[in-house]
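Feature list (source: TrEMBL):
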- 132-191: domain 'Peptidase M50' (DOMAIN)
- 57-79: transmembrane segment (TRANSMEM)
- 99-118: transmembrane segment (TRANSMEM)
- 138-160: transmembrane segment (TRANSMEM)
- 181-202: transmembrane segment (TRANSMEM)
- 208-227: transmembrane segment (TRANSMEM)
């Protein structure tokens, strides 16, 4: 029963985090002149509008049971990308980059809000009872997942948000690099995730988590989720 409760909780946090991510893309695009997300009913925080069968259910479930069988870790997933038309943006040069950075930016802001609550609330969270400890665990997981989403999406490989930032500032003489990345981006990304990112992401995510939540709450709030 505890495993089922943990699964449900992790799914809820993950889904709401990716919904915030996608909503932020649509909201910034709308503010910059593109109503596409609103037209398709995606300018909402209603998770039902953003769910993706593979990214929101199958992959997180697979990762949950994989982690349970082979050791500590967290689940991961995604939502349906929010559509936008870059030709509607008032800022044609940097508009797509602003839309792209909105998603990771929203995840970082979410991590900061919950992480700073833990950091500055730590003097009042000493002598934790079970209810308070559960709250610390919840906030810690929210911090970790949102930092993970932000960092992962800033990888400059298509179709991730980081590639939009890269292309916005890439000189035209390197256009062949952009074309190659767009053509083979998904293959490159899969290779990068399996052979590089999964080996180093803890060394990136954990220091950021430590800086936000502080030393007093880091073990109780963040490392607790990574225990085998």
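Backbone N, Cα and C define each Cβ position, glycine as well.
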*Take the transmembrane segment (138-160) and find every residue of the same chain, 6 or more past its ends, with a Cβ under 8 Å from one of its Cβ atoms.*
9-10, 13-14, 17-18, 21, 74, 76, 81, 103-105, 107-108, 110-111, 114-115, 117-118, 166, 181-182, 185-186, 188-189, 192, 197, 201, 204-205, 208-209, 212-213, 217, 220-222, 224-225
*Spatial neighbours of the transmembrane segment (181-202) far in sequence, C-beta under 8 Å, 6+ residues away*: 148, 151-152, 155, 157-160, 163, 226
_DSSP on the domain 'Peptidase M50' (132-191): how many residues come out helix, how many strand, how many coil?_
51 helix, 0 strand, 9 coil
